[in-house]
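Here is what TrEMBL says about this protein:
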- 1-16: signal peptide (SIGNAL)
- 49-175: domain 'AB hydrolase-1' (DOMAIN)
- Ser142: active site, nucleophile (ACT_SITE)
- Asp312: active site, charge relay system (ACT_SITE)
- His346: active site, charge relay system (ACT_SITE)
Amino acid sequence: MLCFHMTILAFCKVYSLNLWQVTTEDGYILSLKRIPHGVSKTENTTRIPVLLFHGLMVDSVSWVLGTPKQSLGFILADGGFDVWFANTRGTNSSRNHTSLTPDDPEYWNWTWDQLAAYDLPAVLQHVYDHTGGQKVHYIGHSLGTLIILAAFSEHRLLHLVRSAVLLCPIAYLYKTKSKLTRLATQILLAEAFHFLGYREFNPVGPVSHEILLIICGDPEIDCYDLFTAVMGPDCCLNASTVCNFLQHATQSTSIKNLIHMSQMIRYEGVRRYDYGNAKENMKHYNQPRPPLYNLSSIPTHVPMFLTHGGQDFLGDVPDTRHLLNTLVRTHDSDNMEVLYVPDYAHADFVIGYNAPQLVYGPMVDFLQRH
């Protein structure tokens, strides 16, 4: 995570933000950033670690786009936590591999299945090992929520996690309200580009341009405001933060990952990647259909703070309520807290100017109780 404008650069120096690396079992070399203390610079080995895991097509810079009073990363550091930021494979600071380069098609042969199976455990274990064996508070946004839910559903990583905060959880996507996303899914757009040999998707690259040329031909798609068309009408963003976000936070993902996300919209349920035919699925899973991630099997004792917005197109209300019904029905009441913000859309939870009051305050209270 590079600090860009002079004001942000100054904040990063004050907070002593530093860099670590971790290598996954399948060879990806990931960048981790750390803020070990707040502005007081009081070294305290009892600080509880927090890992922040970003969403789809962004990286960890999204957590520090504003001032220390606005950005969750700085707020947590000043609140007494040892703050770590993950960067998934394929993002600008995590493009190294033990044997591949991003120019190799095989480098992009992954979906969020691999993020849950390799990236997430690698960074969680690293934070755990480098903070004295303390369990870690986990905060995920969007895709960052999906991978922790997938891991928990298989009873993995429970020994490393103290609690989980889910900002705009995207588990069930069957009823997503984004017309742009639904159209791309219906016409198998990601599959088509994969068939043509494309493997990397950069949201500001040539493949994205070609996709928009196709999508924007539909009169029902508003391509004048792509931010809203994909994520919903955010209520509480200021222009400078959005500009910083679009300039510095947008990052690549794999076309295969977009196919997997499309499958989640096309079919109900949360499954592993579908290879498209029974023979290939049998080869990978020993069954003709991809296995389900059974979210109802998530242990009920794991403390969870879940917050979602009424205007979110990706983590839309019906799909989120489906997730809540799955989790809350059996979850220990003392370990589950739900916060609904009617005016919020997808990005408000990370870069909204009033998120510190509406979301982060209750979140920090939750973390301190657990």
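Cβ coordinates come from backbone N, Cα and C, glycine included.
Predicted automatically and left uncurated, TrEMBL annotations should be read as such.
Averaged across the domain 'AB hydrolase-1' (49-175), pLDDT for the predicted model comes to 96. Counted with DSSP, the domain 'AB hydrolase-1' (49-175) comes out as 45 helix, 27 strand, 55 coil. Counting every protein chain shown, 28 other Cβ atoms lie within 10 Å of the Cβ of His346 (active site, charge relay system).
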